[in-house]
Amino acid sequence: MVKKEELLKEYEQVEPTNVSKTHFPPNFVFGVATSAYQIEGACEEGNRGASIWDDFTHTEGKIIDKSNGDVAVDHYHRYKEDIDLIAKLGFDAYRFSISWSRIFPDGLGTKINMEGITFYNNIIDALLQKGIQPYVTLYHWDLPLHLHESMGGWLNKEIVKYFEIYADTCFASFGDRVKNWITINEPLQTAVNGYCTGIFAPGRHQHSSTEPYLVAHHQILAHAAAFSLYQRKYKDKQGGNIGLVVDCEWAEANSDKIEDKSAAARRLDFQIGWYLHPIYYGDYPEVMRNNLGDQLPKFMQKDKELVRNSLDFVGLNHYTSRFIAHATKSPEEGSFYEAQEMERLVEWEGGEVIGEKAASEWLYVVPWGLRKVLNYIAKTYNNPPIYVTENGMDDEENDSSPLHEMLDDKLRVRYFKGYLSAVAQAIKDGADVRGYFVWSLLDNFEWAQGYTKRFGLVYVDYKNGLVRHPKSSAYWFMRFLKGNEEKNGKEE
Ligand code: NOJ
C-alpha cells in the first residue's frame, strides 16, 4: 500500500496556494471547454438530424434523472452571451465540438446542411472578434443516428469514409479561421461505455469482449484518415494542427511489489497506449495483444502507415487517479476490466482516501496524478506537445441549497489551484505542455447523470430560465488570468 508522506515528498514544490500565471510559459494557452450535445439544445432546429444520444436519452431507464439534451443549456440561442462570458473571464481559447448531424443530418455526407455551417461560422466569428481562439472537436460522442441504424456506426469500417467526408467539410468551411482541431474526444469512453458496459449511447453490451476493440480500431482509423486528408489538402494553405483527445486516470502502483507495478503499467496501456501506441509505435501495446489475443483487431500494413505519426499534439482529458493492485480476475464489471487483471483502489496505507471526493462517484481530487500522467506521456511518447483538453470537478445538484451556497464552490477553487500547480511542475520537469482547458464553462448535461452533476465555472439556473451565474471559481480564474489571483473579493 502506498505511503502518503513518501509519495507527496516531491510534489509540493509549487505550493498550490501560490500558483500563478508566471509559473507558465508566456504563450501558454488557457481555455474553457464544452461539447455540442451537452450544451446546445435546439435538437430539432436548424435542420439538425438526430444523433445516437437523442435516441438514447429518450429510451426509458438510461439517464438517471430522465432528462435529455433537447434544450440542454440552450447554447444554440445564447452562444453570444456565453462567448461574452468567456471573454469577460479572460480565457484565451474555447474548445467546443461540432454536432456532426447539424452538418450532415443523416451522416451520409451527400448534402451539406448550410444552417449548421452558419451556426458554427457565427460561433467562430464571435470568438475571433473577442480575441478567443477556437479549438474545435469534430466528434464528441454524438454520432448521427442514421449512421448507427443503417450501417452499424463505429462497428463498421465504412464509418471511416463518412468521418473523412465530414472532416473534409469542416476543414473546408472553417479551416481558414480554425487552427486547432481535435478529431475524436475520448475514444476509450465510446468503446467501453458505449459498447461494453452500455451506460452511454448506443448502449451496447451484448458483445462486450469484441465490440469495444473493433469500435476503438475504427475510431483510430477515422482519426488517422482525417489527419492524412488535412495534410494532403489543407495543411499548406491553412497551417493548422490536429490532435486526438485521450483520457486517462493516473494509475499509481499500490505497492512496490512487481505484480502491482506491472498492473499499474497495464492500466496505463489499456487507457492511453490503446490509442497512442498505434500512432507512435505502429501497433497496440504488447500487453493488450497478449491478454486479448484475437479479440484485438489487426492493423493492415496500409492502415499502419496511415496511423503512424498521425498527430500534431496529444489532447489529454484528466480528472482523477487511482491506486492499482494486481488481481487475477477484476471485481469490476465487464470483460474490459477483466483483461487488465487489476483492481482500482482509493485508499492510502492507513485507510485515508486518495483525495477529497467530488460529486461523481469516480472523481477524487488528486492533483499530483496530473503531473505524473503528463510526465508519463512525455517519457513514453518522445515528448510530444500536449494540451490538457479537460480538467475539472463536479458538485451535486441540490434543489434545496440556496443559490449563494451553490455559487461558493471552494473545493473547485482548491481543485484548480492544485491541478494547475501540477501542470506547472510537469512543465518544469520537461513535459511540453502547451495549454490547459477547464471542463467546463457551464453546468451542463452530464451524459447518463443528466443534470444531477454540475461541472461548470458558471452555474446554470435550470429552474429559472437557464440564467447563468459565475461561481467563485470563475472569479478566481478571472483573477488568475489577469495575474492577480490572490486579491480578495469576488467581482472586479
Ligand atoms: C469527459 C467528457 O469529454 C465530457 O463530455 C464529460 O462531461 C466530462 N468527462 C465529465 O465527466
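Note: Cβ is positioned from N, Cα and C throughout, glycine not excepted.
Copied over from TrEMBL:
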BINDING   Gln38, His140, Asn185, Tyr319, Trp439, Glu446, Trp447  substrate binding site
ACT_SITE  Glu186  active site, proton donor
ACT_SITE  Glu390  active site, nucleophile
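Overlay of TrEMBL feature records on the structure.
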| residue | record | CB count, 10 Å |
| --- | --- | --- |
| Gln38 | substrate binding site | 25 |
| His140 | substrate binding site | 24 |
| Asn185 | substrate binding site | 25 |
| Glu186 | active site, proton donor | 24 |
| Tyr319 | substrate binding site | 26 |
| Glu390 | active site, nucleophile | 25 |
| Trp439 | substrate binding site | 24 |
| Glu446 | substrate binding site | 22 |
| Trp447 | substrate binding site | 23 |
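Separating the Cα atoms of the residue listed as 'active site, proton donor' and Gln38 (substrate binding site) is a whole-number distance of 15 Å. The record gives Gln38, His140, Asn185, Tyr319, Trp439, Glu446, Trp447 for substrate. Within 8 Å of the mean position of their Cβ atoms, the other Cβ atoms in that chain belong to Ser35, Trp141, Glu186, Glu390, Ser440, Asn444, Phe455. When the Cα positions of Gln38, His140, Asn185, Tyr319, Trp439, Glu446, Trp447 are compared pair by pair, the longest gap among these substrate-binding residues is 18 Å. For Glu390 (active site, nucleophile), the nearest of the binding-site residues Gln38, Tyr319, Trp439 in terms of C-alpha separation is Trp439.
Under DSSP, Trp439 (substrate binding site) is assigned to a strand (E or B) in the three-state scheme.
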